[in-house]
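Undergrad: My questions all concern the structure below.
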Amino acid sequence: MVPQALLLVPILGFSSCFGKFPIYTIPDTLGPWSPIDIHHLSCPNNLVVEDEGCTNLSGFSYMELKVGYISAIKVNGFTCTGVVTEAETYTNFVGYVTTTFKRKHFRPTPDACRAAYNWKMAGDPRYEESLHSPYPDYHWLRTVKTTKESLVIISPSVADLDPYDNSLHSRVFPSGKCSGITVSSVYCSTNHDYTVWMPESLRLGTSCDIFTNSRGKRASKGSKTCGFVDERGLYKSLKGACKLKLCGVLGLRLMDGTWVAMQTSNETKWCPPDQLVNLHDLRSDEIEHLVIEELVKKREECLDALESIITTKSVSFRRLSYLRKLVPGFGKAYTIFNKTLMEAEAHYKSVRTWNEIIPSKGCLRVGGRCHPHVNGVFFNGIILGPDGHVLIPEMQSSLLQQHIELLESSVIPLMHPLADPFTVFKDGDETEDFIEVHLPDVHEQVSGVDLGLPNWGEYVLLSAGTLIALMLIIFLMTCCRKVDRPESTQRSLRGTGRNVSVTSQSGKFIPSWESYKSGGETGL
């Protein structure tokens, strides 16, 4: 790129000096000299480059970069992540329910993401409800899976817009760049298959608010436009301009690095890919005003000198230097040969260094060769000193050159806001930090016995069941004891047989119940 400051194309433009501002103008072609009267002298209009005969000025509107515009153009957007929450329940024989939550991801659709974003921005409760975990269902002795899809919106997510090709740059994009946003495709892929990036506004061009409308004067000849006078009063040539789009707006990049959008019928080529434009900042505007003031001052000095010449009817070499054209283009050259005032048509070019026109002692280079002098006199106040050196009056005046150098130092190229292409997420932790899914972590929940009763009912039922079980145990133990006692008595009687003896009431020994019975019968 050859960044040349935008402003002094008149003073300094048309220079093929690799972007440097000229410090002087000198004819590269000089017509034949002819004598004139002092009343034919005139001061040039240094605010307009009268090149190629484009002297017709007409008002028009054009578009340029805003003052104070910063190269980084921020585009607000949001990320949309598709999340599937799965609830798995199992109910065992006694009614214990085990619930396990799992989370997976899916790639969302742009339309669904836009709807979810609108819900979130509007405070619609449907967005919050969509993030809740699914209500798990369950059935006895069965495993039940319940899934729910959610879209997690994270905003803002800011990307940098490249005004040259409308691409977006951010660390969330693959390789740090997204070029896919068009009318039909309004999203960007990210480093994660399940997350997409979308701009907050459907119209991406609204984020590129870097232009302003200005008024100026078009310099033309017929249908051809040679240049224009900008809003600040400086002339800018279209020579060497090329077509360049910024944020999709077609415009012209001038030789000094300025970008303007204007209607012209001129055939212009497209700029090379490496051509950038210069920023339009407050400092350059201030210096432009200083240069304009200096040009106006130079014109006033020229008019004062011209008035003095006409009034006194005398002219000097020093006064002729005020009549030199300060900008490139067609003009006049004046000199005095043998006490005769002479005039010649000339085409001025820019000079970057004094060595270009004074390569050696006594040599004034014009048109590629040393220009001859007449008795030590050249033209436009340039003379040959007594020591043989070429003397140029403007070599002693550096104020305008200081302004020009300040302007040159204030040129700031509008660079591509490229993000670091090597900053791509590689670690899992960085990935999770980027996603920031605002959902519960994967966890497992085991419930108590679920019989469909409230908590107090479950406690009453449990207490009653425990009491009934205790009473049942006591009853069974009692019954078991009563059954065991008669069985043991019968076994003992069967074991003695007839050897049982008893004692009667009279005190006699009776060997058996039968004997006792028969004796009783006898006694009776």
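Placed from the backbone N, Cα and C atoms, the Cβ positions cover glycine too.
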Undergrad: What residue among Cys43, Cys54 is stated in Swiss-Prot to be the disulfide partner of Cys302?
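TA: Answer per Swiss-Prot: Cys43.
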Undergrad: Scan Asn56, Asn499 for the residue that Swiss-Prot records as N-linked glycosylation site.
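TA: The residue tagged N-linked glycosylation site by Swiss-Prot is Asn56.
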Undergrad: Tell me, how many other CB atoms lie within 10 A of the CB of Cys80 (disulfide bond), whichever protein chain they belong to?
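TA: I get 27 for this one.
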Undergrad: Among the disulfide-bonded residues listed here (Cys178, Cys226), identify the one with the smallest other-Cβ count within 10 Å.
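TA: Candidates: the disulfide-bonded residues Cys178, Cys226. Fewest Cβ atoms within 10 Å: Cys178.
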Undergrad: Could you state the whole-number distance in Å separating the C-alpha atoms of Cys242 (disulfide bond) and Cys226 (disulfide bond)?
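TA: Computed Cα spacing between Cys242 (disulfide bond) and Cys226 (disulfide bond) is 13 Å.
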Undergrad: Using DSSP, would you call Cys208 (disulfide bond) helix, strand or coil?
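TA: In three-state terms, Cys208 (disulfide bond) counts as coil.
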Undergrad: Which chain-mates of Cys208 (disulfide bond) that are at least 6 residues away have a CB under 8 A from its CB, listed by sequence?
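TA: Long-range Cβ contacts: Ile73, Leu161, Pro163, Leu246, Cys247, Gly248.
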Undergrad: With a 10 Å radius around each C-beta, find which of these disulfide-bonded residues (Cys242, Cys271) has the fewest other C-beta atoms nearby.
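TA: It is Cys242 that, of the disulfide-bonded residues Cys242, Cys271, has the fewest other Cβ atoms within 10 Å.
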